[in-house]
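Q: Handing you this structure, nothing more for now.
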């Protein structure tokens, strides 16, 4: 892998060096948050203060992830275990149990709250239980994080009260759908609706309450039903009440990305062949219509041989990693190499870039997708499947 600017394999010494750099970067960010921002959702790095929902100027949709529930800490806890820092993990779990509440008159993104808060609480619970059962640590822990995840899951459930079963994109944590702050919303993106099954299925299996998995599965089933039947492509935005497609662009980037991801990962997690069958049909469609060499360019859902735009967005960088999970290594390498060349050209992946690799949207919000794909490809190479690339 081209980690040090060459095509030579990374040595064992270099891997240790990179590992230590990653730990240093993590703790720089983590300690800055804990020391200067906790219990806020985020750290504002210029003022070194915490960002709470409703106390700072609204940034638009990006603030929908904030619920005044210590988002960064909940989202980060499991990384502490991966780094072997059991003492700090235990301290973080105690902070979350003591301080985090969901009874707030705040409108949040159902999608973001699910993947980051429900997911963070569930992973924290699983790891705390593992450390207790296998290593005799955290003997005081009694499943508190799971109870919190269940409470939050129930606060999100009213979002699924639509005629299609496709969830509303936002919900009020205290008032559900009755909040006047929600307004009249009739649409959601495919990714928002189709990125619930992993966390909600895990929540059902861990609590013994099937309603969460049932709701998430029904949403996935409806999305599958709404695919374009002759091409098996999905649109990007649909009406939550009647299922009509509002945006018919079809690709693997923003608005649709994690739906495909969750189709495959639902099969991996749950072992249900139905999810794999659906993913394989979608994958064939994407590789037939959206893939243009190493590039992945949106097409019209109903006219799949016609591009709907001439640029790509950074969220598609997850795709090579998903291809590795599927076992389709060659195109994964090619798309990853394309992304790497864009990154070298601009130092970071632009939020969007044209088919000739020029900047289309210039911001870079520290997205992890390219890193994840790089990791998956490194693991494949490390096992001897990619040679010495």
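Every residue, even glycine, has its Cβ placed from backbone N, Cα and C.
These numbers come from a predicted model, not from an experiment.
What TrEMBL records for 112, 351 is active site, proton donor. According to TrEMBL, the feature active site maps to 257, 369.
Let's see these features in context: how buried, what's close, how far.
A: The Cβ of residue 112 (active site, proton donor) has 21 other Cβ atoms within 10 Å, all protein chains considered. Look at residue 112 (active site, proton donor): DSSP puts it in a helix.
Residue 257 (active site) counts 24 other C-beta atoms within 10 Å of its own C-beta, drawing on all protein chains shown.
Residues near residue 351 (active site, proton donor) in space but far in sequence (CB under 8 A, at least 6 apart, same chain), listed by position: 313, 314, 360, 361, 362, 363, 364, 365.
Counting only residues at least six positions away in the same chain, the Cβ atoms of 314, 315, 316, 317, 318, 321 sit under 8 Å from the Cβ of residue 369 (active site).
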